[in-house]
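Presented below is the structure to which this report refers.
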Amino acid sequence: MVEESEVKKKENERSSNGRKLGGSRIGAILVLIIAVGVTFLYTHKGKSCPCIQDSIKYTGIVEDCCCDYETVDTINGAVLHPLLQELVTTPFFRYFKVKLWCDCPFWPDDGMCKLRDCSVCECSENEFPESFRRLPLPADDLKCQEGKPEAAVDRTLDSKVFRGWIEVDNPWTNDDETDNGEMTYVNLLLNPERYTGYTGPSARRIWDAVYSENCPKYASGEICQEKKVLFKLISGLHSSISIHIAADYLLDETTNLWGTNPDLMYDRVLQYPERVRNLYFTYLFVLRAVTKAKDYLEQAEYDTGNPEEDLKAQSLMRQLLYNQKLQAACPVPFDEAKLWKGQSGPELKQQIQKQFRNISAIMDCVGCEKCRLWGKLQVLGLGTALKILFSVDGESRHDQHLQLQRNEVIALVNLLNRLSESIKLVQEMSPTFEKSTKRLSLQPAAKLISSWKRLWETVVGDRLRKLTL
């Protein structure tokens, strides 16, 4: 009996020691888990996921403009985008005259496209409006009212200047717009701006040449607004083009499936706040040019030989130019009068005009035909906006009146439509990325909690089960 009692006593002691040892191990594990958790929280204190930092809500006044982001989004979505989308489908704005085949003046063309979508479907001679083939009125046939007030920058245009389309060369662009040789008409609806597969060194060299040689980024803290304008315009145009490529992307070449590539849109534009801001700047800059030329554009002859469609184009143009909501919310999208002040003003203007002409010449080096088409159209549209806002010839001569050729107006309106669509896409896609990036930011914490739970269940749970045996 004594021996049996001694055995039971020893077993109880071993069991008690086991419980103490198990408790100490559990305590050590708890201390380890708490230490890891505290370390995680401390190292992430005040830090958010980089993606979240990029998901910036754009508010306040657009830099160097006269409207805020919220107003732009509202007016664009409710008024301008629907009008422009309908306007560019009318026969007058559907056909664009372009010189597609030009020798690159800077380097041999070695661009290669991997899709048939690089090519452009040209119009046959009997497809585009007959009125487009008529001889234009001579330039001296225009009669303009005289007596404009002297000012550093004229902010108004003559109210009676249009009596017919003329052929005048745009001093801001490289192509000779009066030379009809080698020009062809293209139906823009049949040649949408989209992904073409144009990639590689040739494509990169285009933008490298644009930025490094003609449009360098202004230094941080630059106070000269004139030096910022060209870079912001080209950056905004670049952002818009990238957005359109991502919005109409070949997702599956084997099944010819097209759709939106949100990751590409984010990688190229949406994760860079400056690129988005420059897009808004370019949009307001071009919108200002259109509204400044409203008297001219209202009286223009949108004649294609189709009376019903021509009246529709004229009506839509008037709705665009005299929209009360736009005039109330953003009467002057961009104030061009504050530029080119001081003694260096004329010199700066000539410098920017030269740089922009070089940029337009680079469009002849684009190795993809469809990319070249939309590059030329949008650069001409931007050059037309510059022409409207910064005088006819870049010399601030007030004795000259605005003269636009048909192709310039077509390019200007189509460019505004492209920018408008980009603004709408940014507004639509940004919330999607904000939600997804917030979910991503929660994943590290969720994974840590899950790891703790598995550790607890595996080690502590197993130890507790053994102790109860």
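Each residue's number is its place along the chain shown, starting with 1.
Cβ coordinates come from backbone N, Cα and C, glycine included.
Owing to the predicted nature of the structure, the values given are computational and were not obtained by experimental measurement.
As recorded in TrEMBL, the features of this protein are as follows:
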- 21-42: transmembrane segment (TRANSMEM)
- C113-C118: disulfide bond (DISULFID)
- R194, T196, W207, S235, H238, R268: FAD binding site (BINDING)
- C368: active site, nucleophile (ACT_SITE)
- C368-C371: disulfide bond (DISULFID)
- C371: active site (ACT_SITE)
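The Cβ neighbour count for C368 (active site, nucleophile), using a 10 Å radius over every protein chain in view, is 25.
Within 10 Å of C368 (active site, nucleophile), counting C-alpha to C-alpha distances, fall the following of the binding-site residues R194, T196, W207, H238, R268: T196. Every protein chain considered, the tally of other Cβ atoms within 10 Å of the Cβ of S235 (FAD binding site) stands at 22.
Residues R194, T196, W207, S235, H238, R268, recorded as contacting FAD, have a largest CA-CA distance of 21 Å.
You'll find the Cα of T196 (FAD binding site) roughly 8 Å from the Cα of C371 (disulfide bond).
Cβ neighbour count for T196 (FAD binding site): 21 (other Cβ atoms within 10 Å of its Cβ, all protein chains included). The closest partner of C371 (disulfide bond) among the binding-site residues, by CA position, is R194; the full candidate set was R194, W207, S235.
Once Cβ contacts within 10 Å are tallied over all protein chains shown, the binding-site residues R194, H238 are led by H238.
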